Each structure stands twice: as C-alpha cells, then as structure tokens.
C-alpha cells in the first residue's frame, strides 16, 4: 500500500519534473527540431523569395502605386482590378491567353500522342526521330523566336515560299491581326509537341506487350486497341503534360518578347503577361500591373489546383 | 534490397541537404559580407567625394583623383550608335584617364530595355551615375528622382550661352536642369536612292507637298520594278512619326502644335491618316509588318526600295556602307512640304538624384557638353551637335548641311514619337492608337478617335 502510494507519488513528481527541463530536452531532441536547420533555412528562403514576393505583389495591387516613389498603404481598394476588368486591352489579352491556352495545349497533346504512337511501333531510326522531334524543346525561346521571325517574313520567309509555290497569295503571318495569334501558336506547338511526345512515349513503353498481344488475339483492330486499351492508361501522362503546357501558355511572354524585341507583341497576340510587363516597365503603373499579375496567378492556380487535388486523391501527395 | 536502396538514398539525401545547408549558409554570409562592403564603399565614396571636390576647386583636372565608379547606362548597343558611343567614351577616357568608369549598353531596340532597367533601378532606389534618354516631357517618367545640374554643370561651364536655346529649354524640368544635350536628329527627312529616282524620271526638288510625293510614288510603282517606299512597321512609332510629317506638311506647323498641345483638329488628323493609308496600302514593301527600320534602310541601300522616311539616324547607317554615298547613290530632301522646318529631336544624358558618384557624374556631364564630345559622338551617329559654336567643317558634308538647318530654320516643332512633345503616357497612347488600328487593316476613323483621345486627356 505504502509502496503503491509511493510509486504514485513518484509518478506525480516526475510529471511535475518533466514540467520544463525534460520537456525541453525531449523537444530539442525530437526529429522535428534536430532536422530544422536542414529544412528550416530553405523554407525561410523560399518563403521570403516566393511567397513574400507574391504577398508584396498582392499588397501593391490594392494601392495606387505609380511611377517613382513609395506605395501608400493608407487607402486600399479594388480600384485597379475594376479598372483592369473594364479595359478593352485587358479583356482582349485575357481572351488571347485563353485561346492560346486551349489551342496550344490540345494540339500539342494530340500531335505528341500521334508521334509517340508512331515511334512506339519501333520504326527504323526511331531514336534519331525522337531526337529530331525533341530538339526544338532544347532551344531557347530567343533562338526559336528569331528563327520563326525569319520564316514568317512575307517576302523572303520559307512559309510564304511554300504558299506561293502552291499558287496562293503570300500571307502576312505576323502583320494580319486575325492570323498572328494562330502563327504564334503554330510556332509554340512546333517547339513543345516534342515534349509531349517524350512524355507519352515513356507512358507507352511502360505498358507491357502482353496487352497488345491479348488485344490482337481477341481480334481488336489497331485503332480499337489504342482507343480502348492503351490511351486510357495514358491518363497520368496526359494530365502532367497538359499542366506543364498550360503553364507555358500562360507565360509565353518570352517568346513574344523575343519575336519583336519589345513589350508590344504583334497586333492580336497581346497576352496578360505582355500587357502586365508593358504597363509596369514602360509606364511605371506598378499597382495596375500587380493587379494583372494577381489575376494571372489566379489563372495559373486554376490550372494547377485541380491537378494537385487530383494527385492528392490518387494518393501521390 | 529495397531497404538497402532506401538507406543508401537517405545517406545521399542527408549529404545533399548538408551540402545545401552549408552552401546556403555560405551564400547568406556572402550576401551580408557583400552588403557590408558595399556600405563601406558608398561611405568611403561620399566621404572622399569631399576630397574630390577639393581637387576640383584646386583647378587641375589632370591631377584629380576619383573615388567612385562612374556608371552610365545607354541604349547604343549596335551599328552606328555603338560606334558613336565608343568614340564618345574614348574621348572621355582621354580626358579623365584615372576615373573608374562603367559604360553599359542595355539592349538595342528603341530603348525598351534601357528604359525598363532605368525605371526599375530608380524605383528600387539603386540609381546609376547617368543614363541616356530624351529630355523634354519624356523626363516625366523619372519625376522626383532627377539631379539638378544647373549650378554645377550648366552655369559652371556656361552651357546656357553655348547651347541652342531650344535645347536649354528642353533640359529644364520642374525648375531643375537634370540633363545635358548630346545631339539632335532631324525628323523631317526623305532619303532616296538616286538611281531609282532617275529611272522613274522624278525630279526630287519638285516634291513640295504630300500630293507631289504620292504622285512620285505612283510613278515609281508604274515605271520601275522597285517598291516605292520602305516602311518598318514591326513597331507603331514609325507610322506615328510619318503621320506627324504628313500632318505638318498638309496643314502646317500650327496644326501639329495644336495637336500636341491638346487642341487637335479632327479634319486635319483624318486627312493625314488618309494619305498615310494610301502610302501603306499601295507603296510600301509587303514585309513591312515584320521588319525594323534598319532592315527597311537596307532595302534602300540595296535598291529594293526607292525612298524612306526616318529620322536621320539612317544616315549613320548609310554612312557605314562605303559603296553608298551621299549625293551619289543616295540623296536627301526635307520631307515634302516641310521645307524650312527642322523637326526637332534631342538625345541627352540625364543624371538621377541620390547620385552614387556626385563628383564623377558632374565631370562626365560637363564633358558631354563640350565641343570635343559633341563632335566625337555626332559624326558617327548621324546627328548634329546642339552647341551653337561648332565649326561645320568638323562635321561630314551631310551633317554640316543639317547643322546649318538646325541653327537657321523657321520652325522647330518637337518630335512626338521621341519623347519631346508629349508626356510618356500620351506618347504611349498615340503609339497604341496606331498599334491597335493602323498596322493593316488601316482604320482611319478609329485611329483618329484614339489619337484625339490620347492628346485630349
């Protein structure tokens, strides 16, 4: 009885003693704290560089900050957002962005899949073809933009050489506002379809041969085999390729800037990124540009968000 | 197997993270160290800036020592501009061999990168010593961040007496004088290939109005295989400046002045746009929309186009080609209908306030206004000095002629497409008016509305 009492007492005592000394020691010895120098520093750096930047951008977008000087945080409102949404330039840039996003991503995926299936059939020199298709992806936008600028030239460009040889009138690819966006999308597809091809090819090559054989034994045609058996298994590859392509479409700024060497891209190809940079660095309208940047971020999150949720549901996150 | 793999992996990961942390720590230390030394440098700079001042008042320019680096940003990264700025820098280094200088060319195309870099650095409170930019209303862009050079440079060197009065006015901004003019380009030019004009049977001296110009372009189109005019439309400013010439030619300098002052006459604006539409639809090269003015100028040199309207920076380009000479292969007339007018453009060097190298900047700005600097720079650039006491024989023939016009014309309207006439915002709106509505198809009414809105705001 006495011992029992005693032990209880001891237990109570340890509980009290754990109070701060041992608790602190336990805490300091925990994995969380001991590993902190390793993940903590990068975390802090990341937070400042990325999330701090986003936060600052967000804050500026509510002010009227313009020109040189300092932003005034005393009167915060949504005026810049309202101004952007009611401006024709913003609306048409957003439309162009959307068209670019959808057309570019869709065509890239379809073309990439087609090329991947061809290469997966073990055609002769397939490795070399693979390199040929992937090469544009490895080139910088600055290089490809200059290349396409030459090819789009009305008088001496190779595209018009083809068009006129076929007996049509020369086309003003970049000068005609109703064609220009199509021309830009075409150039971007040329550059990125190789990437989707590689992603799909990796997916295709991980599918065992048995499935093709089984399908053949069951008498399925090649089209049917691909449509019903193979392509559905490429869902993962499609989703990840699509996300990368869409994010590229949102920031096609580099290509457009390299194409003309200025912040104003050819008529009819203005996208949110070019509009934002132009308003900020040509006119110093920091608050207005920050508002556009925030909306661009929301659009990018709109693309990435569902993907992350999908990954989370799949258990990959 | 799997276990082994993962433990191996974790060791690697640990090593990697350790390396990363060490790297990050070193980086941080480096940053703080760098910051420290930078503060020291500026402190030392401002401290000994005083001693630099002493030497200066001592009167000997050769014996002076400099403590801070002179950092100058400019946009002349290629062609005639590069040659001109190199000549200017060489002349400056001859004068001040001991000064630590850093001349940076930022981008090439129409100062886009240069202006963005300047704006960014001034907004981040990280000013350079000086930068190249247009004076006049263009300085609005840097409002509140400009140094006053009036006492230290303008009065000290007596530039107010030796520079053109118009240039002195343009260098004043909000009661300060933050800029020193470097040279002037003339805007109302028509350059032409003499062989083509001869073939088409055109007497250039008879071109005295826009209608005469249109007739001549038609004659070239009919009588030769050459495209009548080279026009660069990759950016809208070329259309804007050509339109300004046509407006002035058709309706007079007053119509143009009223326009830039915010009292536009719609009928005159539309009439000029109609003429420009006629030119752009019928007489320019098919690839205009994708070429820059340098490519357009090359077309005149190669004989693929008969004429070009541009500021006389294309002279800098023509001059670089030994087989294409003034009065032989090419010639010049003032833009038809603008005889006696010198359409005014000025390049200048501007100093920001909170200057990192006050004494060095002052010495450099003083140098920019000297005869030596203005002759060294302007000859290769194709522009003319703004000092009134230059001996024209120091300039090339073409520039000597332009220089005489600069000092002796009836009117000097400031250029709209190059920052002098209107604020950067209005200039941007005018360019957008052309960019949105006049790059083919050419919508006269919509462009006129946008232009009038731009200046009336």
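Glycine is treated like the rest: Cβ placed from N, Cα and C.
As stated in TrEMBL, the feature transmembrane segment covers range A:98-119 out of the listed A:76-97, A:98-119. As annotated in TrEMBL, transmembrane segment covers the listed stretch A:237-260 rather than the other ranges in A:237-260, A:261-284.
The range from A:5-25, A:131-151 that TrEMBL describes as transmembrane segment is residues A:131-151. Where the transmembrane segment (A:131-151) meets the stretches A:38-59, A:98-119, A:237-260, the count of C-beta pairs under 8 angstroms peaks at A:237-260. Across the candidate stretches A:38-59, A:98-119, A:237-260, A:286-310, the maximum count of CB pairs under 8 A to the transmembrane segment (A:179-202) is reached by A:98-119. Within the chain, the transmembrane segment (A:98-119) has long-range Cβ neighbours (under 8 A, six or more residues past its boundaries) at 126, 129-130, 133, 181, 184-185, 188-189, 192-201, 203-204, 226, 231, 234, 238, 241-242, 245-246, 248-250, 252, 271. Sequence-distant contacts of the transmembrane segment (A:286-310) (same chain, at least 6 residues past either end, Cβ-Cβ under 8 Å): 54, 57-58, 60-66, 71, 80-81, 83-84, 90, 97, 239-240, 243, 246-247, 250, 272-273, 275-277, 279-280, 317.
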